[in-house]
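The phosphoserine annotation in Swiss-Prot covers 146, 234, 500, 522, 524, 567, 611, 624, 938 (among others). The annotation region 'Disordered' is assigned in Swiss-Prot to 207-234, 624-651, 1146-1165. Here Swiss-Prot flags 243-401 as domain 'PID', drawing on sequence analysis. Annotation comment: Swiss-Prot describes 502, 593 as phosphothreonine. Residues or ranges marked as compositional bias 'Basic and acidic residues' in Swiss-Prot: 629-645. Per Swiss-Prot, the feature phosphotyrosine maps to 949.
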C-alpha cells in the first residue's frame, strides 16, 4: 500500500525556488543610469519602434524564459517544443541579482507589455531597459510581483546575513582601555597620546590622594595645585584640552575628574558630553577587543559580552601612536552632546608591545583607504538642477497624460530652448524617418532629446561640485561678519514684515467672522522666511566647537511666560524680554504664530529698532511668542472672547479682498506641505511644561477650555511627593524583579543552547537518581567515595544536565585520593585578575575562535557570548601557564568544558586537566611528549592489532597523520559532541590514558574496513572522515571496551623503550663533530628535563614517605592509647566481675536465711 502524500501551497521563494515564465522579448536599449520613471514609457515606445523595424529574417520578438528567484534573475532563450535546451548552445541573454532591477513599468495602453530597468553595479555604466510581452496579459501583474518579491527577499537576506567578506576582513586586537580625553579640535599634535598618558597618571594620583573632595567640584583658588603640564600647541583650533577619567569609590558608582591644560578661563568651556564608553575602575576589567571592520571600529568587552563603543570611519578624524609610549595609541572621534551639537573626544589604549600598535595603525590606514574607495564607488548618482537629464525629466513630467497635440506643442516650446544647430539636427532626423502620426513624431523627438541630453550628461559637472570652493569661501566670509550688524538688518526687515502682516490681519478681522474662522484653521506664516533666505549667502551656522565657545547668554533662549519669567514684573518684562539672536535662528523651522488674532494695539516700533543688538525671541511649536504687556493681554482676552462668541453664529460666505486672497493662497497650502514632524498630534501637549498666565496661548485647547490650576498647599505637595516616591520605589522593585526573571530565563535558554547535542548513553531514571543522591551528599568535598561505585555509575551513564557538576565531583575525589600534587602546580592567581591583563597570544586565540565548533549554536555567532567566554578562558590560561601559553587544540578542550559549566568553573577544570591529569605535557612547545604518545600508539597497534599495523606501515602511514588531532583536541575536533562528552567522563575518572584506549578501540573496531583500502589517500581519508561518523551502537561499544581495558603498564614500558631507543640511535649513527655536539646538547637538555621530572617525582615520593611515616607514628600513638584504654577497661571489667560475685554470694546468703528461720539473723552491728 502506497503512503498517502499531499502537497501544500507555499509562499513564493521559500527555499530558493525558481519561478519560470514564458515571454516574448521585444528588445532592449541601453540608457543612462539616471533615467527616471517619467522617461521610461518613452524608452519602451522607442524599443517597440525599433523592434517593429526589424526585417523578416530576424523577427522583432524572441521567445524567452524568464527565471525569477531570490538568488538571481535570468533570461534564457526558449529552444522550442521540439528541441531540448542545451546550455552549450543556448546561453543566457542576461543574468543579474533581483535587487539590481531598478524600475518596473506596466504599459496601461497595452497591458501585455511590461519593461524592467536593470541597473549595473558601477555608477558610471549605463543601465539596460528590457521590454517583454506576455501571451496572457493577466499574468503580467504576477510576473512583476514575483520580481519585486524576489528583490525584497534578496535585500532582507543581505541585511540578515552579512557577507563572508565582512567576517574575514574584520581584524581583532586585544587592547587595554586607558581613558578618554575631551579635545576642542578634530586634529591634534603628534605628542597628544604621550601627554594624555601623563595626564591620566596625574589624575589617578590626585584622585587617590584626595578622595574626600567631590570629583565634579573644581578646586578653589587657594586649593589649586600645580597643573599636570602646560603646553601651547601650534596647531590652530586646539585651544583647550581636558582630561576626563572615571573611577569608582565606595560610596559613588562612578564620578568624573577634570583637569585642564590651559589657563583658568578655559575651565568655563570644558566640554561636557555623554560618556559612551563607561571606563571601568582600575579594579575592574578594562581589556577590550578592538575590532576593525569595513566601515567602522568597535570595542567589545569580553567581560560584559557587549559592544562598549562603536564608531563609523566618518566620525574618526585623527589616529596616532605614542612617541615616548610606543605601546599606546589613540584616535579622535566626534560625539554628540546634550544640546544637539557635538564635540571631539580622544580615546587612548594600550597594547602588549610596539609591534601590535604598528599592526593596528597599518590596519586602520588600509581600512580607511578601502572604505573611501568603496564609498566613492557606491555613491549614488544624483541629479542637480543644472543636469541635462533633469530638464528631460521635468519635460516628461509635464507631458505625462497629455494627448498627442498638446504634447507636440510642449515639445516645440521645449525645442526653442535649444541652440539653432541642435534644433536643426533634431528636425532633420525626424523628417528622415517620416513619422505617420503625431504620436510617432513625439516619440522620435523624445528619443533624439534623450540621446542629446545623455551626451551632455557625460561632460556635465554638478552645481554642488562647481560651487563647493566658492561656497566654502562664502561661508568663511559670512562667519566673519559682525553679528551686531546682521542682527540690526534682520530686525529692521522683521519689523517691516510684521507691520504689513498686521495691517492685512486687521483688514481681515474687520471683514467678518467667517474670515476669522478660516484664519484659525490656516497654517502658520513664518515671518523670518524671507529674511533668512536673503541672508543665507552671508550667514553660516556655526560648527560644533564654535557653538560650544559661545557664551551662555547668546546660546540659550527663554520663552515668554516660562518659569524663569514668573518672578519678573511687567515693566522689566518689556525691557529684558528680547534675547540675542544666534546665527542659527535664521534657519529655524516655521512656528505656529497665527493660532489667534494679534491685538489691535501694536507695540511701538522703536522698542525693537532702538537696540540693534536684540531681536525677537525664538519661536516654538504650539507657542505664540509676543512682546505685549499684561494690560494688552487683558484687552486681547476680552476681544478674543467676543469674537469666539460671535463666530458660533452662521455667517454668509463673502468674497475675500485681494489681501485676503494673497494671505489664504500663501498660508493655506502650508498645512498640507509641512512635514509630519512639524504638526504633531495633540497628545504631546500633555508633556509640555505648564505655561504662565502671562503667555498669550490659545485659551481653547484641543480638548476644550483649559481650567486654571489652583495653587496647592504644602501638605498636598508633600503627599504628592510621597506618592511619587513610593511609586518610584515600587517601579524600581518591579524592574529588579523583572531583571531577575529575565536573567533566570536567559540562563535557562543559555543552558539549553549549550547542551544541544545527542547523548550516546541515555541515562535511566535510576542512574539519574543515584547521581543526584551522590551530588546532594552534605560535605561531599571531604568524603571519599568508593571507586568501584563511581566506576559503575559512570559506566551506566552521566546525565547531561548534571555533567558539569559530576566532573567537578570527580575532580574533588581525585584531590582527596591524591593529597600531594604529582606535578608542580601553577600560581594561585584569581581568574578575574588574569582577565585584566593583556596576553601576547591574542592573535592565535582570536583566529581559533571561529574554528572551534563552528556549527554549534553557542559558538557560531561571531564574537558572541560563547566565543567571548571561550576567549577569556584561553587568555587566562595563556597568562597563567607562560611555558605552554596557547596551543592549537586547547580551544576544543576549553569549549567542551564551557558547554557544561560556567566560565570560571571551566577555567578551574581546565587547570585540573592540564596539571593534575597530565594533559599539559603534550602541549609543550618542544612536542616531545606528543612524539612519545605517537610511539606508544604505534606499539599498542603492533601488540594488539598486528595485521592493521603492518597494513599501515606498508603504506607509510604513521600515527601523526591521523592521531595528532585526537590527542590535542581529545577527539573534539572530529567526533560528535555526545561521544566526546563520554570521553571526558572517563578522563575525569581514569586520567589521560583514556585517549589511548579510545584510539585503540576505534582503530580495532574498524580494522576490516581499513584493510579494504589499498592506498595512502583513501586510508587517511577514511580514518579522518568516515571513522568519526559512528553510529550510536558503535559508540556505546567503544565506551564499554574502554572501561574493560587496562594498558597503564604497557604505556609506562613503551615510554622507557622510547628513551632507550633514542639513546641507542644517537650513539650508533656516525656523525660529524658539530652534529654530535648538537645532539649531545639536545640529549643533555632532554636529560636535564628528565632529571627535573625525576626530582619532582622524588619530591613527591619523599612527601608521600613523610606522610606515610607521619601516618605510622600517628597509628602507633593511637595504638598505644588504645592499648592503655584496653588495659583500663580490662581492669574495670575484672573489678566489676568481682563486685558481681560478691553480690551473688550475698544474695545467696540472704536467700538461705529466709528459708531456715532457726538460723540467727545477722546483727545490725
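Positions of Cβ are set from backbone N, Cα and C atoms, glycine also.
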Confidence summary (mean pLDDT) of the domain 'PID' (243-401): 74
Number of Cβ atoms other than its own within 10 Å, given for residue 146 (phosphoserine): 20
For residue 938 (phosphoserine): DSSP state (helix, strand, coil): helix
Cβ-Cβ neighbours of the residue listed as 'phosphotyrosine' (radius 10 Å): 17
Reduced DSSP assignment, the residue listed as 'phosphotyrosine': helix
